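The next block holds one structure in the form of structure tokens; read it before the comments.
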Amino acid sequence: MTAEVTAADAEVLLAQPRGFCAGVDRAIDIVERALELHGAPIYVRHEIVHNRYVVEDLRGKGAVFIDELDQAPAGAIVVFSAHGVSQAVRGEAEARGLRVFDATCPLVTKVHIEVARMRAAGREIVMIGHKGHPEVEGTLGQAQGGMYLVETVEDVAALQVSDPGNLAYVTQTTLSVDDAAAVAGALKARFPGIVEPKKSDICYATQNRQDAVKLLAPECDLVLVVGSTNSSNSNRLREVAERKGVAAYLIDGAHAIDPAWLQGRRSIGITAGASAPEVLVQQVVERVRELGAVSVRTMPGLEESVAFPLPKGLSRKIAQTESLE
């Protein structure tokens, strides 16, 4: 042991489930398969998922991350990120002759379909979400007008709509379950006739990881959340732990751990956002062990078995390539 030891004899508790969800797995697979089929460069609009490690790994394999489609040459292969895009972006891609592989999470696509259906029925739509998040921008861009964005209960109180009797609402898929429920409750109280989604828009992985932290936090005196600062669902995990009265930090990886955080801690919880790979979790565990932790235990929890298929166009190309080998 060295003088750096700060978590002497502490136990590490791992949340279950944690880390990659099916939508993130699929999105990364799409970029990697596109690179295998077509070679570099493959252009990706926005970060494929909100994780620095994942983005840098794909960049090293030949992915080029762009903010707007005009940064890709005409006719190039472009991947849309897991967060989804607006109808305007889809139209621009078609107009420029870009070959698109769509990595939009199927659960985000479900919300897009809800928006189209509700607008076709003549309803205005309130979206619960974080302003400026790519998923929110993509969902708001599914309709030309008739949509409103709220983030808080206070936003609901100040909301002015054209037809209060003909409203529906949807939510960003990565919100705090508790916060979204509070805002939805405020919407239903103010607009009693508002139509809600047939099934919650918050995705299974967001729900499961937040539930896991609710079980983890009472057993710990510190929680480390592995995830990037621009990851919505990772930030929500940190907030869930803090609301349970536990100190919590969001970290990109083991290098970000301040040994002082671990001083005197007896039980250190670790989880990871849906866009954070397990390799980063294991590096964090190893670093905490270097700082004095003596045991590692995984909490009981759900074993997820969700998987999403690749886009049909990409699957066909893979099958054609394999048949020629």
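Just so it is clear, glycine is given a Cβ too, placed from its N, Cα and C backbone atoms.
Of the residues THR6, THR173, THR321, Swiss-Prot puts just one in the (2E)-4-hydroxy-3-methylbut-2-enyl diphosphate site with HIS50, HIS83, HIS133, SER231, SER232, ASN233, SER275: THR173.
For the isopentenyl diphosphate site, whose binding residues are given in the record as HIS50, HIS83, HIS133, SER231, SER232, ASN233, SER275, the maximum C-alpha distance rounds to 15 Å. Cβ contacts within 10 Å of GLU135 (active site, proton donor), excluding its own Cβ and spanning all protein chains shown: 24. If you take the C-beta of SER275 ((2E)-4-hydroxy-3-methylbut-2-enyl diphosphate binding site) and look for same-chain residues 6 or more apart in sequence within under 8 angstroms, you find PHE20, CYS21, VAL24, VAL49, HIS50, ASN51, VAL54, GLY227, SER228, SER231, ASN233, SER234. Counting in whole angstrom, CYS203 ([4Fe-4S] cluster binding site) lies 16 from HIS133 ((2E)-4-hydroxy-3-methylbut-2-enyl diphosphate binding site) by their C-alpha atoms.
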